[in-house]
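Q: Take this structure first; my questions come after.
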Amino acid sequence: MSPQTETKAGVGFKAGVKEYKLTYYTPEYETKDTDILAAFRVTPQPGVPPEERGAAVAAESSTGTWTTVWTDGLTSLDRYKGRCYHIEPVPGEEEQFIAYVAYPLDLFEEGSVTNMFTSIVGNVFGFKALRALRLEDLRIPVAYVKTFQGPPHGIQVERDKLNKYGRPLLGCTIKPKLGLSAKNYGRAVYECLRGGLDFTKDDENVNSQPFMRWRDRFLFCAEAIYKSQAETGEIKGHYLNATAGTCEEMIKRAVFARELGVPIVMHDYLTGGFTANTTLSHYCRDNGLLLHIHRAMHAVIDRQKNHGMHFRVLAKALRMSGGDHIHSGTVVGKLEGERDITLGFVDLLRDDYIEKDRSRGIYFTQDWVSLPGVIPVASRGIHVWHMPALTEIFGDDSVLQFGGGTLGHPWGNAPGAVANRVALEACVKARNEGRDLAAEGGEIIREACKWSP
């Protein structure tokens, strides 16, 4: 008879429910450089202590379940469990608190944003002991960052490809977003590009509909790009939306774009999914395509102040998954966006090292080491009179993406693009001369109007 091997599972196992805080609340824990750290805004059900709710979040997003199980003894919970290590109140909100949770790195698959989110937010948000839960921020350790390719190219490589320096880039979303034939769509692209824009863009829901199939759109847009390049002597691009119903179809569209010789494609990274986005990002790196990212569906996730995820988390995830541009809000346009908070996640997209700064919503210091940066795209509801503020707020490494602010010009698309370009160059020139864009912006634009055709 073979000898019996004694395990923890066979010694003193006690079935039953016990409080989460007995195992998962560890205020004495000192976080490791390799831990993924999360800041959750917790709104518990009445009568539940913060320590128990914070521990519940840590448990249900890592190794825990609602009861003690025999197989807990077959592993090392101390090694693999998430830990709620700190709790702090939310100023002005009596019923809310911030729970800080540390996750051991071994809980996550390397190079997979999909797995990271499945673990951290995949299940716990439906926990009935919580009235609401919001993931405010994540600290991604260097050890995990280094398992990701990140953006296909990054800011400096994009500027080198386009041969454009010292100013923000200009873009325009073609409108109406749905209903144009491919040929008329291409004409609209051409008019904008020849007028002075650097890019035009497919709207997020332009994929391959009966009125305009993707292949026809790609062909007519490529014609517009080459014609406008020949006329202006500048490199131009159109964000060809490769988003599709399957990853295979998405890659087929990206392959066709590469064969046409265009510089950039586009993906809706939230509706398309992180696995699809990372797949496309790797293809773009390997084949020299820039990748523009649209955040369609983000407000479903990030708009509520007490439930969901803040966009800074989605921005960090995009930098890991891969994209050269991403829409980031405008501060001055028609969509929501507080200046300091917006600039906080803009820095998280562009910079290599970002210090903790709670006034800007940054809960953790983030070191991206060698991961390339992402260009923020300011879009929605902006026009030439916003140009001084946009230039001051976003700086040179940005894309200012117009729509009606170009196409709504009474003389048409090309004059609208000229107006955008003249306004931008006037603001950049004034800034470089030391003028105050915030105080003198209106005067700068009026001066530019005198000489604009």
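The backbone N, Cα and C atoms fix where each Cβ goes, and this holds for glycine too.
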Q: Starting from the substrate binding annotation in Swiss-Prot that includes N123, T173, K177, H327, S379, which of R213, R215, R295, R303 is the extra site residue?
A: R295
Q: Which one is closest to K177 (substrate binding site) in space, judged by CA to CA distance, out of the recorded positions K201, D203, E204, H294?
A: D203
Q: Around H327 (substrate binding site), which residues of its chain at least 6 apart sit with Cβ under 8 Å of its Cβ?
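A: Correct list: I293, H294, R295, P376, V377, S379, R380, Q401.
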Q: Have a look around K201 (Mg(2+) binding site) and count the other CB atoms within 10 A of its CB, chains all included.
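A: K201 (Mg(2+) binding site): 31 neighbouring Cβ atoms within 10 Å.
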Q: Please classify the secondary structure at H327 (substrate binding site) using three-state DSSP.
A: strand
Q: Measuring CA to CA, name the entry from the recorded positions N123, T173, K175 that ends up nearest K201 (Mg(2+) binding site).
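A: Closest candidate to K201 (Mg(2+) binding site), judged by Cα separation, is T173.
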Q: Considering each pair of residues in N123, T173, K177, R295, H327, S379, all listed as binding substrate, report the largest CA to CA distance in Å, no decimals.
A: 36
